[in-house]
Amino acid sequence: MVRPARLMRSAVGRFFEYDTPKIVHIQSLHIGITYRFVQLVIISYVIGWVLVYKKGYQETDNVESSVTSKVKGVVLTNFTLDPNATADEEKLRVWDTADYVIPPQENGAFFVTTNIIMSPNQEQGICPEDYSSRQLGASCSTGFDCPSGSKSANGVRTGTCNNATSTCDIRAWCPVEKDVEPQSPVLQGTEDFTVLVKNQIFFPKFRVRRRNILDGFAKNASYLDSCLYHPSADPFCPIFRLGDIIALAQENYSTIAVKGAVIGFVIEWECNLDLSVESCLPKYSFRRIDNADDVIAKGWNFRYANYWTDTVGRQSVQRRTLIKAYGIRFVFYVYGVAGKFNIVPLATNLGAGLALLGLVRLL
């Protein structure tokens, strides 16, 4: 029978044992070359890729961002040249920012109207449904085809078939919209509009704030009045021409102005805070977000109305101008990362590299 004291001494002895690997020197040209090559690869990876290229000696932080924009530009429309224009439409009209930027401010985006279908001077009443809405059940031959109270594309049917148009009479905003797809943009010249982009960023871990309107611009008060962004000639100007944005997104402005599109406005910040904060600068790029090859519901459009009250005799009549707006929606995407030296990531990456070197002996 084994004594308890002997068991205890044996257990204590095993607990405090220390094993060392046995080193065997092998003189082999093939193995030696392979061994040194693997060591060289690991050292190159740790120093070249991890520490230098990926800056593995830095602590990093992601960006917090806010973007606002202000569009400028004026265009003139002439509806006398439009064969679909009605007698009530304003033949000559100037469009400024308040007319074509809808809504005036948008969270992380802005919209510029490039094309419209205008239905002016509408009022509540009874009128025939739009002939182009036949596919929605607007056509008729008798009143039985227009059940009273049923809904159509633009209003509610009255139960009467209008013999002049062969469409149902409806209670709606009259005259109804003629929803004819545009063949060319009504607002010609919007590609020359400019937009001032203000991007504020913050790296909370390092308490660093930056913006794309650089402090150096203050030395030249007239710079923002005359500069225009160019990827090589003036890459830090915060004022962009819309036509240039679309061209840099590799799209044709005249084509997308007809039915609209969604364009990504990308702002990237890569900041090395081991250098001067002034070297933390934005980089811009642009790309189309929606699919140019869509067949159904292509582009970007929506409707809105301007209301007013007109006096007819002693009665007040509410009227409106309905606008179906096609245009380009620019959506901001801000990406950014800042890095600064910290001993912890440096020690971690060096330790991982030494561990990899130690594994080479076991291969």
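Just so it is clear, glycine is given a Cβ too, placed from its N, Cα and C backbone atoms.
Just so you know, TrEMBL annotations are computer predictions that nobody has curated.
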Going by the ATP site in TrEMBL, where Lys70, Val71, Lys72, Asn301, Phe302, Arg303, Lys324 are listed, which of the candidates Thr167, Thr194 is also part of it?
Thr194
Going by TrEMBL, tell me which one of Cys161, Cys174 is disulfide-bonded to Cys140.
Cys161
In TrEMBL, Cys127 sits in a disulfide bond; tell me which of Cys146, Cys168, Cys174 is on the other end.
Cys174
In TrEMBL, Cys168 is paired in a disulfide bond with which of Cys146, Cys227?
Cys146
Do me a favour and check the Cα-Cα span between Cys280 (disulfide bond) and Asn301 (ATP binding site); whole Å is fine.
38
Need the DSSP three-state call for Cys161 (disulfide bond) to compare against my parser.
strand
Want to know which recorded positions, from Lys72, Cys174, Thr194, Phe302, Arg303, are within 10 Å of Cys168 (disulfide bond) at Cα; which are they?
none
Compute the C-alpha separation of Cys127 (disulfide bond) from Lys70 (ATP binding site), stating it in Å without decimals.
41
Cys227 (disulfide bond) - helix vs strand vs coil (DSSP):
coil
Go through Cys168, Cys271, our disulfide-bonded residues, and report the one whose Cβ sees the most other Cβ atoms within 10 Å.
Cys168
